[in-house]
Amino acid sequence: MSSPITPLSPGCVMLPARPEPLPVDPKTTAVIVIDMQNAYASPGGYLDLAGFDISGAAKVTHEIKGVLEVARSAGMTVIYFQNGWDDGYVEAGGPGSPNWWKSNALKTMRARPELQGKLLARGQWDYELVDDLTPQPGDIRLHKTRYSGFFNSQLDSVLRARGIRHLVFTGIATNVCVESTLRDGFMLEYFGTVLEDATHQAGPDFVQKAALFNIETFFGWVSTTADFKGTFGQLAPG
């Protein structure tokens with residue numbers, strides 16, 4: 001195990017993580033909830049209809065709920081992302097966009113025309129957050145149109161205005177939107193930690209392991225919900 005990183009401020013506490021523990025100040029930390037929508041976490045949602053295994057989504061929802069309770073009590077900022085597009089799919093891009101070719105939601109709708117207008121469209125059930133993760137007063141909701149939460153969104157300005165330096169990631173899918181957002185945050189000088197049991201992959205189990213390996217080796221840190229709650233659950237309310 002590597003040596004702990006030197007604390008950045010007096011308010012920091014040490015969060016157990018891989019490859020080394022790191023100091024985290026709740027006042028400059030945001031928990032990012034990536035795409036916990038019916039599309040990704042509910043039977044009959046886009047990911048399920050596209051043939052992906054979503055059996056782990058219910059456990060992830062439960063874990064995230066516990067993390068958010070602790071985060072709010074500790075004074076952390078909570079940010080929810082919802083992925084999708086306008087109901088006419090202009091934001092998704094046409095054939096001139098690689099997103100048109102690679103988005104599995106768009107490909108599923110082209111293969112099944114009866115689903116057109118239902119997947120990842122604002123105003124539709126698929127786009128909405130799952131019932132168990134309803135935002136609370138003070139939480140922030142942001143919209144994104146691509147895998148990374150930093151692309152064409154207000155995330156960076158929201159974080160900088162609040163002095164946020166550390167991002168704790170939860171949500172679906174680890175190997176797509178979670179990793180993409182954490183990577184872009186790294187390039188913008190944000191510290192990123194993913195809670196591995198509060199995320200779920202799109203695809204076989206090995207892609208979860210590969211994404212976590214990439215994160216802890218090159219772009220950030222990996223911790224668990226138990227370590228997060230154990231570290232911050234004893235703090236006085238923020």
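Start at 1 and count along the chain as shown; that gives each residue its number.
Even glycines carry a Cβ here, placed using N, Cα and C.
Quick look at what Swiss-Prot lists:
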type: ACT_SITE; residues: Asp35; note: active site, proton acceptor
type: ACT_SITE; residues: Lys144; note: active site
type: ACT_SITE; residues: Cys177; note: active site, nucleophile
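For Lys144 (active site), the same-chain residues lying six or more positions away in sequence with a CB closer than 8 A to its CB are Phe81, Gln82, Asn83, Phe151, Asn152, Ser153, Leu155, Cys177.
The Cβ of the residue listed as 'active site, proton acceptor' lies under 8 Å from the Cβ of Phe81, Gln82, Asn83, Gly171, Ile172, Ala173, Cys177, each of which sits 6+ residues away along the same chain.
DSSP assigns Asp35 (active site, proton acceptor) to coil, not to a helix or a strand.
For the residue listed as 'active site, nucleophile', the count of additional Cβ atoms within 10 Å of its Cβ stands at 23 [all protein chains shown].
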